[in-house]
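Annotated features in TrEMBL:
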BINDING   Arg24, Gly65, Lys68, Thr69, Thr70, Glu131, Asp132, Phe133, Arg174, Tyr184, Arg221  ATP binding site
BINDING   Thr69  Mg(2+) binding site
BINDING   Arg313, Arg318  DNA binding site
DOMAIN    54-187  domain 'AAA+ ATPase'
REGION    185-255  region 'Small ATPAse domain (RuvB-S)'
REGION    258-351  region 'Head domain (RuvB-H)'
Amino acid sequence: MDESRTLVDSTSEPEERAMEAAMRPKNLDEFVGQHRVRNQLSLVLEASKMRGRVADHVLLSGPPGLGKTTLAMIVAAEMQAPLRISSGPAIQNAGDLAAILSSLTEGEVLFLDEIHRLSRPAEEMLYLAMEDFRVDIIVGKGAGATAIPLDLPPFTLVGATTRAGLLPGPLRDRFGFTGHLDFYAREELELVLRRSAVLMDLRVTSAGFTEIARRSRGTPRITNRLLRRVRDWALVHRKELIDAESASAALDMYEVDERGLDRLDRAVIHALCVKFGGGPVGLSTLAIAVGEETETVEEVAEPFLVREGLLGRTPRGRIATAAAWQHLGLRAPEGAPGGWAGIDSAQEPLL
Ligand SMILES: Nc1ncnc2c1ncn2[C@@H]1O[C@H](COP(=O)(O)OP(=O)(O)OP(=O)(O)O)[C@@H](O)[C@H]1O
Ligand SMILES: [Mg+2]
């Protein structure tokens, strides 16, 4: 993958995890933004502490890099409970889950990441465990099989998923609280950056923060990553104070533009506008035009372009919106599907 893509990709690589761990807010007060989810979760935790009970099971959903794992850790920290971490794909069968569940201690928080990827039998075992704090261990096979019930200590399950829609209803219903995380506003990302800059001992001006935040695709993970690259740039260029010019020079160098588009994103809208007159054009044709696999264009570039209102999907193919022409500094021709962009200078954009 090219460098600009790795910068704006919202998923994380293993070597990045340690870096992320250092940046993670440790309690609800430090957790920036997501006010609704934060207030509701705070209430759930507070009430359970007052009742002297374990907290209700919590489901967190939302796109990668918005803070699901962070919140799961905060739940354990706020409840002053130990935390056990596993994930849907790591649990191969019901036996694996039974082993985890039966070793939990009272009040422990069990974090299951990517819970939509649990196997069916494990999922069914989880239903009973969540509801009655009990599992049935099946011994033997066929007609001779018997279920031995095993009581579990009360625990709190925190499930995380990027695909809430894939979760079966019965599982979703067993969570007492569901929080959906949304993309962050620029101002919120600025707060994330301010906090990270203190931890990294960096001096950044307000305008510098703004510049980084608006290129961060609404995602704290990306914003922290861009900050690290800007820090590198500033170090090499001997800038003690990072201002808007430094931030934008650094990120321009990494080919992340002022709206957070990387090289592939720009290539897609450029081809759409310049080669295909704004479309509609079929996805596979568009992919060939930018020299990429169809899946890469569809799964990597498109979701963000659609969310930004730069690209439209129609039954006849992909179209550029007025905003796409505008972003490239081009004027849409008369009759282009996205309409007239409303700007005068039609120059070749820099790619
Ligand atoms: N609200 C927030 N305030 C401050 N930092 C945050 C916030 N949310 C996320 N972060 C930072 O963003 C990074 C990614 O967050 P996290 O790992 O929790 O995302 P995630 O939703 O679990 O992503 P994935 O779906 O890939 O597992 C962390 O380093 C964390 O410090
Ligand atoms: Mg996570």
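Placement of Cβ uses the backbone N, Cα and C atoms for every residue, glycine included.
Using a 10 Å Cβ-Cβ cutoff, Arg174 (ATP binding site) registers 18 neighbours.
Taking only the Cα positions, the spacing between Arg221 (ATP binding site) and the residue listed as 'Mg(2+) binding site' is 12 angstrom.
Around the Cβ of Thr70 (ATP binding site), a 10 Å sphere holds 21 further Cβ atoms from the protein chains shown.
The Cβ neighbour count for Thr69 (Mg(2+) binding site), using a 10 Å radius over every protein chain in view, is 21.
When the C-alpha distances from Asp132 (ATP binding site) to the binding-site residues Thr69, Arg313, Arg318 are tabulated, the minimum falls on Thr69. The 6 Å Cβ screen around ligand 2 retains Lys68, Thr69 from the binding-site residues Arg24, Lys68, Thr69, Thr70, Arg221, Arg313, ordered by sequence position.
Considering only the binding-site residues Lys68, Arg313, the Cβ with the fewest other Cβ atoms within 10 Å is that of Arg313. Arg24 (ATP binding site) sits 9 Å from Thr69 (Mg(2+) binding site), counting Cα to Cα.
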